[in-house]
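J.: Sharing a structure with you now.
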Amino acid sequence: MAAVAAIEKLPEDMLHSSIVVRLRSLANKKITSHFAPCASQHFAMEITTLPQALQLHSQIIKTGTKQKDTVLNLSKLLTFAALSSSGNHLSYARQIFDSLPSPNSYFWNTMIRAYATTSDDPDMAFNLYLSMHNNAAKPDKFTYPFLLKSCTRTRRIREGQQLHAMIHKAGLQSDRFIQNSLIHLYSSCGDSSSAAQVFEKMSDPDVVSWTSIIDGYVDDKRPVEALQLFGQMQEHGTEPNEATLVSALKACADTGALSVGQEIHGIARLGNLDSKANVSTALLDMYAKCGCIDIAREVFHSFANKDVFVWTAMISGLASHGLCKDAIDVFNQMQELNVRPDERTMTAVLSACRNAGWVKEAYSYFNQMERRYGVKPRIQHYGCMVDLLARAGHLSNAEQFIKRMPVEPDAILWRTMIWACKVHGDTDRAERLINHTQLLQKDSGDSGTYILVGNVYASAGKWQEKATVRKMMNKNGLAKPKGSSKIEVDGKIHEFVAGDTNHLESEKIHRKLDDVIQHLTLEGYQPKHSEVLLDIEDEEKAFQLQHHSEKLAVAFGLLSTSAGTTIRIVKNLRSCEDCHSIMKLISKVYDREIIIRDRIRFHHFKDGNCSCGDHW
């Protein structure tokens, strides 16, 4: 019997394991459980626990049933051992599988699925796939989705592409489950273009197809296209599920598309999905990131049972808006209700301290992390502390903090430190750190590093050194990322880059901006030429400053919205000092509230003031 062989082939080091001992004991006893009355009744039972599996296995050994019954019951046994959520019995399943002389496709697929989806070694799925070919077993439409899942988990896009070719060869490229798996693979590996090619060939995409491609575009930093796809999905008549709404809300959060987010909130209400934890958390995050922190609070307070993710989202949202005391108050409420913070929560708490400039409080929370909250500090927590100290001008303390860190500082942390040195005018320290850390050598693939180092040299008036850095950057094929700003008007996202002339209303926008600058000059505005780190005349510096992306976006907002309407802008870089000062003036002179989200935090400009208190 194949099943008997499964026991006999168990290795010596497993002979005394509880499973084997119990199985052999049962095999030598008369079966008296609910399985026993007759073989047909027993074989009809489903296996849900390990004792049932052992009883079935021992029954197979004892009775020597017909081949048909043996295959049926071995399939039940293998399915339980390989895929059960009640415990890790994969090694037991593998022993049974290896004992089978000629496993059929179901047995192969079950083991491939187990390795691909639940094991710690998803590559074993590929090993079985190769063995499947060597044993003349034919993969089918159920085999490939599991193999693609293995590639997705390990981010092995090359192997996934090879599987894609074999799928075509087998004539299975039109199977919806396989197509969905391919979309998920390419999206997870950052290749949204290949995912789109698969999606476009689908004759009738289902909700999984739409959700996978939308999520892929969001992850690939193409949120505007993700929202366009969401619109197409609605036109197609496909009902969104929880996962679709979460992905679409994330796209709204990334772009600042408030009106679209509100429409999605309405869809969630109609489908009774707004009370689902993941959807509600995404709604909270969307409203916070679209500048509507009060509505985010309403969503937060509507939760009956708040998990750590909800608490963290609220703390993070408040911190990003500069409502740092409120963020800490929420953190204290969380502790009173015995909700244990995780590492993301502590990042949000430290970010609140950073945005408020609270050095003492940040040290207190940081020092309690592991002892009180059971959270071991990671690089992002050390990064918050360094950023806080450096922003506050405590450059020596920040440098000493880095030296005492038990983890290796990464390039992002060093860039934070060097940037602060530049801001505070300590270019000698910045140059020393650049040379000491060999930052250009260690982080040679990031254009941001070259730009920072070049700007340090420019601040020190070392134009030759800056030119050398620029040459190195060009040699490595790197380009400076363009500053971009997005603004939503009437449900449509408009994106501007520095000096943009591509917008359909470009002439009107530039004329409006010229008028704004002239008006503000009468109110005392003076361009901050120090923000342009180029060896050019002040007049040209002023021209460059005037055409930063957020200035174009706010000019468009003034043109396109009625008086008193709040202008909301999302920016991909940190706001420069000149843009920050001009937004304060516009909010006062034009009586507009302007909410700008930059790479670090929110700035609420109103009546000539900013919520950040000029601490950014």
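Quick reminder: no glycine exception, Cβ is built from N, Cα and C everywhere.
Sharing the record's features from TrEMBL:
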- 524-616: domain 'DYW' (DOMAIN)
- 104-139: repeat 'PPR' (REPEAT)
- 206-240: repeat 'PPR' (REPEAT)
- 307-341: repeat 'PPR' (REPEAT)
- 342-377: repeat 'PPR' (REPEAT)
J.: Would you mind listing the long-range same-chain contacts of the repeat 'PPR' (104-139), meaning Cβ under 8 Å and 6+ residues beyond its ends?
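T.: Distant contacts of the repeat 'PPR' (104-139): 71, 74-75, 78-79, 82-83, 90, 93-94, 97, 146-147, 149-150, 153-154, 159, 166, 170.
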J.: Same-chain Cβ contacts of the repeat 'PPR' (342-377) under 8 Å, 6 or more residues past its ends?
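T.: Counting only partners 6 or more residues beyond its ends, the repeat 'PPR' (342-377) has Cβ contacts under 8 Å with 308, 311-312, 315-316, 318-320, 322, 324-325, 327-328, 331, 334, 384-385, 387-389, 391-392, 394, 601, 612, 615.
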J.: Pull the DSSP breakdown for the domain 'DYW' (524-616) and write it out as helix, strand, coil residue counts.
T.: 37 helix, 16 strand, 40 coil
J.: Please give the average pLDDT for the repeat 'PPR' (104-139) in this predicted model.
T.: 88
J.: When DSSP states are grouped into helix, strand and coil, how many residues of the repeat 'PPR' (104-139) land in each?
T.: 24 helix, 0 strand, 12 coil
J.: Could you put numbers on the helix, strand and coil content of the repeat 'PPR' (206-240), residue by residue per DSSP?
T.: 27 helix, 0 strand, 8 coil
